[in-house]
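So that you can see what the record holds, here are the features copied from TrEMBL:
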ACT_SITE  ASP169  active site, nucleophile
BINDING   ARG38, ASN96, PHE97, GLY98, ARG104, LYS137, VAL138, TYR139, GLU140  CoA binding site
BINDING   GLY249, GLY250, GLN251  substrate binding site
Amino acid sequence: MKLPLDGIKIIDMTGVQAGPACTQLLAWLGAEVLKIERVGEGDITRRQLRDIEDVDALYFTQLNSNKKSLELNPRTPKGKEVLEKLVQEYDMLVENFGPGALDRMGFTWERLQELNPRLIFGSIKGFEENSRYNDLKVYENVAQCAGGSASVTGWWDGPPTVAGAALGDSNTGMHLAIGLIAAVRQRDITGKGQKVAVSMQAANINLNRVKLRDQLRLEKLGKLEEYPQESLGLEFDDAVPRGGNAGGGGQPGWILKCKGWETDPNAYIYFTIQGQNWKRTAEAIGKPEWAEDPEYATAQARLPKVFDIFKYIEDNVLADKTKDEAVDYLRKFDIPCAPVKSMKEIAYDEDLRESGTIVEVDHKARGKYLTVGCPIKFTAFTPEIKESPLLGEHTRETLALLGYSEEEIEEMIAEKVVGETIHLKLESTI
Ligand SMILES: CC(C)(COP(=O)(O)OP(=O)(O)OC[C@H]1O[C@@H](n2cnc3c(N)ncnc32)[C@H](O)[C@@H]1OP(=O)(O)O)[C@@H](O)C(=O)NCCC(=O)NCCS
């Protein structure tokens with residue numbers, strides 16, 4: 001079956017998470033992705049937090065499925081020649097090196113255009129080119145801090161907090177993937193490539209749209225009525241505060257304890273008081289009279305009492321129900337809610353397995369392992385999630401396709417311009 005990106009060839013000079021998440025998605029959509037890796041070392045994640053000795057770490061296998069691997073040192077003259085040939089033949093080059101690293105290798109955007117005007121160049125950095133921080137190297141949590149997320153996450157009496165989800169890394173990769181697909185479409189029209197750049201800070205800010213909304217409201221009104229601070233009578237500062245587990249919109253919500261919370265750290269549900277569903281919510285919580293009672297009937301009236309209402313629900317509705325029983329009960333009343341899922345529950349969830357959001361992949365060195373599959377579902381095709389490549393597994397095949405003879409390839413391997421390490425035996429790192 002034809003896939004959307006069939007025929008698109010990508011030079012993947014990405015590492016760690018942000019870039020690899022992008023090119024992996026494009027590979028699932030049919031692109032041929034060739035990962036360029038350091039000779040004898042590969043992507044650092046191959047040996048980060050290994051769970052099996054001498055076998056590529058899950059960090060690598062989960063972010064580099066469906067790709068090929070070429071070990072190449074583009075900092076040597078011969079290695080440069082190989083990369084130049086690839087640039088001339090491929091459709092895209094995607095990178096997320098530290099600032100200036102690709103330029104120092106001799107592959108500036110100007111040079112890439114000279115080599116191939118149709119090339120689409122995707123680049124991830126921590127900050128945008130004009131930023132006063134543009135020289136900084138950036139990892140996930142740095143981006144969450146720079147993008148505003150940390151300042152609005154956590155508790156008002158605690159420090160800024162980062163989320164466990166990769167709002168800096170994988171999120172930026174997904175943004176870049178959208179940009180690259182748009183650039184392919186534009187190239188269909190104009191015949192020309194272009195540079196597509198996404199900074200981790202900007203991608204993170206894009207997820208903080210409603211927090212910017214709140215900043216503007218705070219400046220205008222001096223308070224944010226739906227934030228817990230308002231219900232708890234706390235002062236507002238001049239910047240959006242951390243709101244604990246409050247809902248981001250006008251529908252107050254909170255994480256509520258269910259039966260077993262004393263011993264199970266995830267025995268909770270998220271409960272939302274949806275204004276337009278207040279009558280049924282009141283019924284669900286055993287207080288039908290609150291539907292009409294002016295003390296409770298409007299969102300405005302409920303706000304100062306919202307934590308009392310949540311406490312009432314915990315004590316009287318949820319205390320004798322597990323999180324799943326609670327959701328089964330509340331769903332009858334159309335209450336927006338869900339159990340707090342642990343990663344263990346996600347890993348073994350039958351529905352997620354069936355839909356392909358969690359998939360099992362067979363890897364030639366590691367055997368079977370679980371990974372997150374494609375979250376986007378299509379009617380015309382189903383992305384197939386395949387194993388990640390061993391280090392340098394496709395070095396020979398790639399060089400032969402570029403026209404190098406067996407002899408030349410052997411020479412380049414001997415000179416460490418390229419490599420075919422296959423099983424990386426370097427010690428595991430964190
Ligand atoms: C992620 C990051 C912090 C890692 O930093 P790092 O491990 O020091 O690695 P860099 O990407 O800066 O690369 C280091 C060097 O390796 C070199 N290198 C990379 N691939 C190479 C290869 N195949 N052969 C030889 N050298 C190679 C680079 O040329 C660079 O050299 P230089 O800085 O001396 O000129 C950094 O790449 C970064 O800030 N990237 C942009 C933001 C980003 O994507 N972060 C998210 C990570 S999930």
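Along the chain as shown, the residues are counted starting at 1.
Note that Cβ sites are derived from N, Cα and C of the backbone, with glycine treated the same way.
Surrounding the centroid of the Cβ atoms of GLY249, GLY250, GLN251, where the record places substrate, the chain contributes additional residues within 8 Å, namely GLU226, GLY247, GLY248, PRO252, GLN274, GLY275. All chains included, 16 other C-beta atoms sit within 10 angstroms of the C-beta of GLN251 (substrate binding site). DSSP assigns ASP169 (active site, nucleophile) to a helical segment in the three-state reduction. The recorded positions shown are ASP169, GLY249, GLY250; of these, the one with its CA atom nearest the CA of VAL138 (CoA binding site) is ASP169. Only PHE97, ARG104, VAL138, ASP169, in sequence order, out of the recorded positions PHE97, ARG104, VAL138, ASP169, GLN251 have a CB under 6 Å from ligand 1.
Long-range Cβ proximity for ARG104 (CoA binding site), meaning a same-chain Cβ under 8 A and a gap of 6 or more residues, is found for none. The recorded positions in question are VAL138, ASP169, GLY249, and the one with the fewest Cβ neighbours inside 10 Å is GLY249. In this structure, the C-alpha atom of PHE97 (CoA binding site) lies 13 angstrom from that of the residue listed as 'active site, nucleophile'.
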